[in-house]
Each structure stands twice: as C-alpha cells, then as structure tokens.
Amino acid sequence: MLTLNLLPSTNVTLCKSRPNYPVSPSPFQPNLGSRNQKLRTLSFTKPLIQNGHPFMCSANQDSQISGPRLDFSRILKHPSGVSSRNTTQILEAASGTPEEVSPDGEIEVSKPKVNMKLVLIFGLWYFQNIVFNIFNKKVLNIFPYPWLLASFQLFCGAVWMLILWSSKLQPCPKINKSFIIALLGPALFHTIGHISACVSFSKVAVSFTHVIKSAEPVFTVVFSSFLGDTYPLTVWLSILPIVFGCSLAAVTEVSFNFGGLSGAMISNVGFVLRNIFSKRSLQNFKEVDGLNLYGWITIISFIYLFPVAVFVEGSQWVAGYHKALGTIGNPNTFYLWVLISGIFYHLYNQSSYQALDDISPLTFSVGNTMKRVVVIVATVLVFRNPVRPLNALGSAIAIFGTFLYSQATVKKPKKEAVEKKD
C-alpha cells in the first residue's frame, strides 16, 4: 500500500480503487518492497478503508507524495527484463572470463562461442605469421635486399586497404589534416621498426630475431618511465628474466651476427615508440578502428620508406634480381614467394589489430607471447637451424619473462581501479 504524507491544510479527494492486491517486490526493482517498508516506518499514516477496500488518494499541489516509482520505460524497452550488453562487456567475455550475471540481471555471452571465436582469431593470426616469416626468409636468402622487400610489403598493405575501402568491404574512415599530422610520428616509428626487423631477418636466423624481439617489454618500461609513467616492483622484476634469457640466447646463437642483433634491437625501439606516441597523439581519434588506423599507418610508412630504400640499395637491385633468378631457376617461384611475403605481412598485422579490438589486452599479450613460440618452433623445423641447449634455454627464459610481464602489467590497472572504488 502506498503511503501519503499530507500537510494539515491539504484538501484531499478520495476515489475508490480496485480490490487490494499485496505489493510484492518487482523483478525489475527487487528492493521495492524493502524501500516501501522503510517509507512506512518513516512516515506512517492510518490506511483509509471503506467497505473493506482501500482508497486511492489524490492530493492537490500542496500535498507531498513520497515513494519509489517503477521505471516503466525500462520495462517497455526490455519486456523480458534482459538488456543487451555493451561493447565493454562483450570484450570482457571475449577475453575468456567466466560467465557472470551483472547487477541488472544481464546475461553473459555463452562460453563455447567465445572459445570458438578465440580459436579462430589466434589460428588465423598464427598461421599468417608463420607463412610470412617462412616466405620472407626464403626471399631474403636468395635476394638479400631487405629495404626493397620491406617497401614492397608496405605497398601490398596499402593496395589491400585501398581495395577494401573502394569495394566498401571495410568502411573508409573520415580523415582530415589533423588526423594525418597525428599519424606522422607513429608511422615513422612503424617504418623504423619494420625495416630494422627485415634487416635482422636477412642476417640471422628467424628464431634468433624473434627471441631478441621478445625483449620489447624491456624497452616499453624504460621509455615509458622516462616519459613519466610509473611501474610497480613486479613489473621491473618481470623484465629481469627477459634480459637474462636474451643475453644467454645471443651469446650461444650459432648464426650470431651483430647486424642482425642490432636490427632486432632497433626494431624493438621503433615499435615501442610507435605504441607510446600512438596513445599520446591519437587520443582524439578513437572513432577510427584498429584496421583503418593500421591501413593509414601502412600508407604513410610506404611513403617514408621507399625513397630511402632507393637511396640505400637501389643501385644493387637489378644485379641482385638476376642473381636470384639464377639461383632459384623458375622466375614464377620467386615472384610467388615475394607476393606471399607481402600479402601475409599485411594479413597477420591486420589480424593482430582485429584481435586487439575483439579480446582483452591480457589475452592479446599472452597470445602474442605464444605466437613467438610457435613461430620460433616452426621456422627451426622448416629451415633446420642448429639450436644449442643453452640457446634453447635462453629463448625459453626470455619468452617466459615476457609472459610474466604481461601478467604484471595487467594486474596494475585492476588494482588501481579497486583502490579508487574503495
């Protein structure tokens, strides 16, 4: 029964209501009954009854009616009481977290679908990465000109994105001058990271390059600390096995080459700075999704790289081309290898950006760590690179340190969020 708190001078008009039905807590507002009980305790009035039936009372403007109201707009919008989930909740479900019911009664996405989606995402990502690394190394073994090959790979990505945009398979983002200016820095560091990695691949085994590239978290922590970010002790401790493992792998590597080592290290610096400056310069362009963002970075990177490639090694391309054809015998095979390396370079990066849009950062970090393991094992088996026991141990320690780093960095924002809530 609803209660009224009437002023003494209020004129009250009484009208007969329907037969009394007990008020029970609503499924949409479970605390309704308890709140009514509190209101009756705070402001108690005797029930007005005539012929055994309660009256519904209406007051003029001088009266004050207190009591909770049902949110009928919410009931009409969701007749069953179940609302659709927002994007954040979907991403949390895609990260592999257990099913939960929110305070509003919202239902989580079923876990089998999530697992199948993760399998598909990581399966494509790993497969494309393995194919790229194998054919990229095959081309560099007979045509050791990484600047031209890296430029061609960026060119393939630019053409791929233009086809997607023109055919409307991918919505073309609305860009302006400020967006292009904001991309100049990240695209420059992406160019540095890509060409440096390609130079490293041309000089040492693919497995060794990936072991050194697993030290990327070390550069992330160091550069971010210089720019004012702080990290807990667990993060700093997690990078110690990375440093030790990479050092052990480097000194025991059979194909060790200082140019290959320095190329992988510079690649780490380039990609870390790309990530840092992307977060700082692209904060006002969050409407651009990951795939479109990477597409524009690829286009600008190609514009950066190709003129420098012509200057660095352009005079050697013709002679190197004829030598490569003499080595492989069939020109079509050479063209196919180059084309596959270019297409799959873009595809695996496209898959990684799409994966980052669909899964949590922790799942992405763990998946990226396992990706290096899969690529290292695959390339060792394909190219039959000799691996010493200490080299394998150092690689394992470095990759395990990368896993610890991903765990430590994810726990940091969660802890801060809990403290802020408390």
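Backbone N, Cα and C define each Cβ position, glycine as well.
Annotations in TrEMBL come from automatic prediction, not curation.
Per TrEMBL, domain 'Sugar phosphate transporter' is recorded for 116-406.
Residues or ranges marked as transmembrane segment by TrEMBL: 118-135 (among others).
Same-chain residues lying 6 or more positions outside the transmembrane segment (147-167) and placing a CB less than 8 Å from one of its CB atoms are 136, 139-140, 191, 194-195, 198-199, 292, 295-296, 298-299, 301-302, 305-306, 308-309, 312-314, 317, 338-339, 341-343, 345-346, 349-350. If you look up TrEMBL, you'll see 147-167 (among others) marked as transmembrane segment.
Distant neighbours of the transmembrane segment (179-202): 133, 136-137, 140, 144, 146-147, 149-150, 153-154, 209, 212-213, 259-264, 266-271, 273-274, 277-278, 281-282, 284-285, 288, 296-297, 300-301, 304-305; these residues of the same chain sit at least 6 beyond its ends, with a Cβ under 8 Å from one of its Cβ atoms. The feature transmembrane segment is assigned by TrEMBL to 179-202 (among others).
Annotation comment: TrEMBL describes 256-273 (among others) as transmembrane segment. Counting same-chain residues at least six beyond the ends of the transmembrane segment (256-273), those with a Cβ under 8 angstroms from any Cβ of the stretch are 189-194, 196-204, 208-209, 212-213, 215-216, 218-220, 223, 250.
What TrEMBL lists as transmembrane segment is 293-312 (among others).
The transmembrane segment annotation in TrEMBL covers 332-348 (among others).
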- [ ] Give, as a single whole number between 0 and 100, the mean pLDDT over the domain 'Sugar phosphate transporter' (116-406).
- [x] 89
